[in-house]
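**Q** I grabbed these lines from TrEMBL:
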{"type": "ACT_SITE", "residues": "E94", "note": "active site"}
{"type": "BINDING", "residues": "D93", "note": "Mg(2+) binding site"}
{"type": "COMPBIAS", "residues": "378-388", "note": "compositional bias 'Pro residues'"}
{"type": "COMPBIAS", "residues": "397-424", "note": "compositional bias 'Basic and acidic residues'"}
{"type": "DOMAIN", "residues": "1-175", "note": "domain 'UmuC'"}
{"type": "REGION", "residues": "376-434", "note": "region 'Disordered'"}
{"type": "SITE", "residues": "F5", "note": "site 'Substrate discrimination'"}
Amino acid sequence: MDAFFASVEVAARPGLRGRAMVVGGRERGVVLAATYEARAFGIRSGMPMATAIARLPSVIVVPPDHESYRRVSRQVMAVLAEITPQLQQVSVDEAFLDVSGARRRLGSPARIGTLVRERVRREVGLPISVGIASTMFVAKVASTRAKPDGMLLVPEHATVDFLHALPVAALWGVGESTASRLADLGIRTVAELATAPRSSLAARLGPAAAHRLHDLAWGRDPRVVTPERTERSVSAEHTFPVDVTDRAELARTALAQTHTCARRLREAGMLARGVTLKVRLADFTTLTRSRRLDVPTDVAAALHGTVRALLAAVDVPATGVRLIGVRADDLVVAAGTPVQATLGDDGDDRRALEVAVDAVDRRFGGGAAVAASLLQAPPVPATQPTPSDPAVGAREPVPDRSRGDRTGRRADEPGPRSGLRRDSTTATPKPRIS
């Protein structure tokens, strides 16, 4: 879907149509979505809000309403599921459809793509871009090229010609760093990558990445649409009003985010087998530390022991920390998963206490009750990172869940942010729509 969060806001308030508008929090936050009118001024998703406002002081800022976005997403996915049950949702605003089984009933892939766009606009009121191709990767690229509010069909026989005219950044997995390394080899287009010696690519990118990108450059993508969606992680983040250097405050905030993650695990009926701490410094450098758990859990007290150890491995600079977040990783379904006590004899009691807190929060609102034992967060001693706490790559910011003010004014306070990451497995020479 096109600029999804922004499109939902425009549909709810038609007075915003045609206006330069962004969805995001206060100036210390980031842009979550921007209308195409705002993008004309160089404003992009993920940009610091302060930068966006500096580029266009008159830009309208709307606080995010993630409950509305989830509701509208469900409406869109319900429409798509009526087109074909072979539907794989990969995010709140994106899905793949295998329409090979729907062709006899609904017509050609192009006709089905047109039907998708017509129905989503008529029944949900949102613009949607559609890419059609024989593989999921090419369908995704086609949908991106079709934005905004368009449709692009890439016949199987034209796949290579279509891809080879694109910059390498169009390939999955080619970000700024990889594009820069490819540029060092004189490779700037997909065609140049496709004809580059594999040995040169492997030496620069590593054998696995070289093989994958070479296959994509020739349109080879064996993945298929998988209707089942598997939750991979749940997360919670908080952006501080001012940069923080106090480790006690960082520890308290990490504890609160851990408690939020544990609650969401219980709500989803999942257990975490790993945990990741995310720290964004004042200069926007993002650090992550990950560790696998001894046993799966959905108990905040169990998760937080690992989170505290990961935080201890972070060197907090004098300039401070801008954001801290916790992510519960590598999820498994709780039902039927064998676990053992991780908190001593009181492990079951601790979980029961957290479940009781969940019930109070559901009845009286979030934060109505918090387990007292979970509020005991002593300062975390500063230590250097250890090999057992490896840094992993920086990740994109996760959208803010706080409802905030719906008047279009900038949010007064940053709030906890959360996200749900899902698998995005993917096609064969069947018609794919993205």
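Glycine residues also receive a Cβ, built from the backbone N, Cα and C atoms like all the rest.
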**Q** Could you check what DSSP calls F5 (site 'Substrate discrimination') once collapsed to helix, strand or coil?
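**A** The residue in question, F5 (site 'Substrate discrimination'), is helix (DSSP, three-state).
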**Q** Within 10 Å of its Cβ, which one of these recorded positions (D93, E94) has the largest number of other Cβ atoms?
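**A** Neighbour-count leader: D93.
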**Q** For the C-alpha pair, I'd like the distance in angstrom between the residue listed as 'Mg(2+) binding site' and F5 (site 'Substrate discrimination'), rounded off.
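**A** The residue listed as 'Mg(2+) binding site' and F5 (site 'Substrate discrimination') have their Cα atoms 9 Å apart.
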**Q** To the nearest Å, how far is the Cα of E94 (active site) from the Cα of F5 (site 'Substrate discrimination')?
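**A** Roughly 12 Å, rounded to the nearest whole number.
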